[in-house]
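What follows is a set of notes on a single structure, which appears directly below.
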Amino acid sequence: MNEMDRKPMVQADGGTVTPGYMPGFGNDFETEALPGALPQGMNSPQKCNYGLYGEQLSGTAFTAPSHQNERTWCYRIRPSVKHSSRYTKIDVPYWKSAPNVIEDVQSLGQYRWDPVEHTDQPLNWITGMRTMTTAGDVNTQVGMASHIYLVTESMTDDYFFSADSELLIVPQEGRLRFATELGIIDLEPKEIAIIPRGLLYRVEVLEGPARGFVCENYGQKFELPGRGPIGANCMANRRDFKSPVAAFEDREAASTVTVKWCGQFHRCEIGHSPLDVVAWHGNYAPVKYDLRTYCPVGSILFDHPDPSIFTVLTAPSGVPGTANIDFVLFRERWMVMEDTFRPPWYHKNIMSELMGNIYGQYDAKPQGFIPGGMSLHNMMIPHGPDKNAFEGASNADLKPEKLDNTMSFMFETRFPQHLTEFAGKEAPLQDDYIDCWSDIDKKFDGTPGKK
Ligand SMILES: [Fe+2]
């Protein structure tokens, strides 16, 4: 899809690979970086070709139902036990996990933040993660955290994996490369990626500084929402998701592996790159998706559906229809509804809504919610259009109108979201956000027919 997908990449050992992607979501992929590296017709031959080690990475319980069961077979230079040694606990002070309820930070309310700006401090994928909210409990694998990342430095001989979560990454500026065990994903604004739980990777800055949003999913994996009567097409289509082809490094160098495990960070030292998977097959893999391929569906006569109509991905919670997390996209679209208040209506919601602006202007808040900024409307806290948006939309001449230059998203969870100390005290919180509703008038005076 992108030009850069085809460009050869020079790896740290001087070799080159051509990054590429395979289309599909949750497909049973197979890929090999060297011919004949992938066993055919079986998973675990007595001896693997090239002297590789066979190893299974299980993303779901062995006994998960077939349609949800995910695992990948890796054929690698060394087994993963060689990419692990004695761990030492380390401090990553800005990356928080639920439960993280701070006594003197209030989470009840409507909140909005300006973009968190970069500083002179060099930051990588781990040190540059700034947790904004947490929900649920990482130890029981329910809930999520939302983060902003500020990345200026590449990881070189440093690698990371999260045993706690899969990460949904939403870039807002800059370009990043995720060099993973299963291949390479290059990522830029208007795209998203999912890095599965347990997958080792390194993040490089292709174009910096890089800033974006992350949804850390402690629970069941993201999947595509059922379309119901919409049918077999539209919204996010499976073919527009891309998983990387196999790419490996055979590099001896003093390296570190950092692991996020039960909300804590640990580090160990190894003597080589752990990105040594020469071939793999399976359905547990990182994936990227171009948000510009999302085909929005909406009302074509009057009213509009609930915002769930714009769900890109959903992570189930175990309660049918009640997501641990929904990832919802508000992008360019036509508004054609007759005699209708077209922006999102005023509402209170049992779900907790964290939004971020990727670019452009959001229709319910023409000012103040700017690219790189975030907002939070927590469980059962009322919100909706500001006065200008209400008056504008109530008095507009309702011709077909294109909402252009707009891309915002929502991480919506069934669990209340708690602000971190960073979100409440350090990040650029807009103290006057709540005032955007203060001058909404009372129009009612008992006169029938008054509008
Ligand atoms: Fe809302």
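Even glycines carry a Cβ here, placed using N, Cα and C.
The domain 'Homogentisate 1,2-dioxygenase N-terminal' annotation in TrEMBL covers 21-291.
Marked as domain 'Homogentisate 1,2-dioxygenase C-terminal' by TrEMBL: 293-444.
His304 (active site, proton acceptor) carries neither a helix nor a strand DSSP state and counts as coil. Sequence-distant contacts of His304 (active site, proton acceptor), defined by Cβ-Cβ distance under 8 angstroms and a gap of at least six in the same chain, are Gly298, Met337, Thr340, Arg342. Residues annotated as active site, proton acceptor in TrEMBL: His304.
The Fe cation binding site annotation in TrEMBL covers His347, Glu353, His383. According to DSSP, Glu353 (Fe cation binding site) is assigned to a strand segment.
Around Tyr362 (homogentisate binding site), taking its Cβ as the centre, 23 other Cβ atoms fall within 10 Å, counting all chains. The homogentisate binding site annotation in TrEMBL covers Tyr362, His383.
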Those residues of the chain, 6+ apart, with a Cβ under 8 Å from that of His383 (Fe cation binding site): Gln110, Tyr346, His347, Lys348, Glu353, His377
Residues among the recorded positions His304, Glu353, Tyr362 that border ligand 1 - Cβ under 6 angstroms, in sequence order: Glu353
DSSP-derived structure type at His347 (Fe cation binding site), helix or strand or else coil: strand
Environment of His347, Glu353, His383, the listed Fe cation site - residues of the same chain whose CB lies within 8 A of the CB centroid: Pro344, Lys348, Asn349, His377, Ile381, Pro382, Gly384
